[in-house]
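First up is the structure itself, then whatever we jot down about it.
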């Protein structure tokens, strides 16, 4: 290479390493502090100040937050507006619930609701494997991932994107709900699966065990946050953002955007599956109303409100919206739906970065006023 | 180094024939300029070679047929391109842009880990395009000329054998044009370069060979002097100007 060209600055060597060094030292330290304070908050502070009732509510919110972490990855970083995460949440939830129902019933017995409806003499074949925890537990995560893989392979290769992808994912949620309601004898229909006695031998009515479930949920959330953080800061995370911002350009660089998107979609589905699986012991029920179109949209609303493109935004948004829903719908049951819609519109229109973008925005405002 | 060989290349959109039976051979290491009036089919030709639009005929690169392969496969065979409008990833840093361009063959294990060091090819490309001191800047904050250089740098780290550049100096200052031309000259020591350009001064300074397209066909081909002396070329350009 002879003539190169462009203006080269003499102080390159002196200037370039400084921000680099600060970043490589600072980032992991900040992350460690963040995770430590998160763990302190969830494992020490919350259990000591909240009543059992409030703590179990928090467990429920944290399950929803786990779904949100996945949406933050797929939508915030990958641009995949998935309006059907309820499907994966539901698959994970039902897989866990089926196992718990079978464990409650005891070996070779029908779950109580099947006996009640009285249409079946023996367990349907697709229920049987869920009797084993070795099948059921991995299935809560792997089954949603498999479904996401099959759907994503079809959809992303055909370059279905944007609103079309959103509508398709939502249609899947509607289809699953219709299936579950239609198969009342084997799925519990609109009632879903509920009335669980135990969770791997522990009595779920015992407050001590409910606390244990809360700790498992909190640990699961921290685990997913660590996973999401690793992915976001990895080379894959950079490529995912590139696909979001310029899918065609990525193609011309020799990457296949379909594969990149598929990974994010499958990981998000696995996270939703785990969330669903932990939701069942934490809340004690899974039914079609919890996994259909409306809850799927509510997941996305929480993520949008919190801030979809940063790690903690979806978590805070999901918890905030779920908490607001519980407290406000107690007071004004009719108004909550409208309020939620309004919140979504306001955030999308005026604060596209979500609440997570608020500090930066305020700082900029103040800076402008100051100067 | 590989050359490019098109035979009977034809692209039509709903009956409108944008490229109409083009035969074109670019020798390895050449700097070939494609010129012609608007609508001559220059960009469509590049779109066909890179797999963006469907075409019939034959495009051989290094003995391999490009037509019918998906875009990212053609890219992995060593064919890179830029666009008329800059298409760097504006939300990512210069370094990240280059790292992604260098990463088509990476395995899963490399992908899920963090980028800790700057790959050798990337730091060399940063030197070549003169953006070493801007490597942590967001690509969206670069000046127009720097974005174009970043695009070329991305092709370098992608390690393509064939660069297809669509109006690389549009909107650049004179100094930037000269710098870009020198960059292309040095790149062509190891790679084949095809440039679509409207800037005739730039073409005269840096083209080795020129192909003139008109209405989807090859009108004239040769050195700059030969093409300029061709009465048909003069007619087309005067006609287009009038």
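Each residue, glycine too, has its Cβ placed from N, Cα and C.
What TrEMBL says about this one:
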- A:1-19: compositional bias 'Low complexity' (COMPBIAS)
- A:1-24: region 'Disordered' (REGION)
- A:31-51: transmembrane segment (TRANSMEM)
- A:57-75: transmembrane segment (TRANSMEM)
- A:80-97: transmembrane segment (TRANSMEM)
- A:134-156: transmembrane segment (TRANSMEM)
- A:163-182: transmembrane segment (TRANSMEM)
- A:212-228: transmembrane segment (TRANSMEM)
- A:262-287: transmembrane segment (TRANSMEM)
- A:299-324: transmembrane segment (TRANSMEM)
- A:336-362: transmembrane segment (TRANSMEM)
The transmembrane segment (A:134-156) versus listed stretches A:31-51, A:57-75, A:80-97, A:262-287: most Cβ pairs under 8 Å: A:262-287
Recorded stretch, among A:31-51, A:262-287, A:336-362, maximising Cβ pairs under 8 Å relative to the transmembrane segment (A:80-97): A:262-287
Contact between the transmembrane segment (A:57-75) and the transmembrane segment (A:212-228) (at least 3 Cβ pairs under 8 Å, separation 6+): yes
Stretch among A:31-51, A:299-324, A:336-362 sharing the most Cβ pairs under 8 Å with the transmembrane segment (A:212-228): A:31-51
Long-range Cβ neighbours of the transmembrane segment (A:299-324) (under 8 Å; 6 or more residues past either end): 60-62, 64-65, 67-69, 71-72, 75-77, 81-83, 85-86, 89, 221, 225, 228-229, 232, 339-340, 343-344, 347-348, 353-357
Intrachain neighbours beyond the transmembrane segment (A:336-362), with Cβ under 8 angstroms and 6 or more residues off its ends: 298, 301, 303-310, 312-313, 316-317, 320-321, 324-325, 328-329
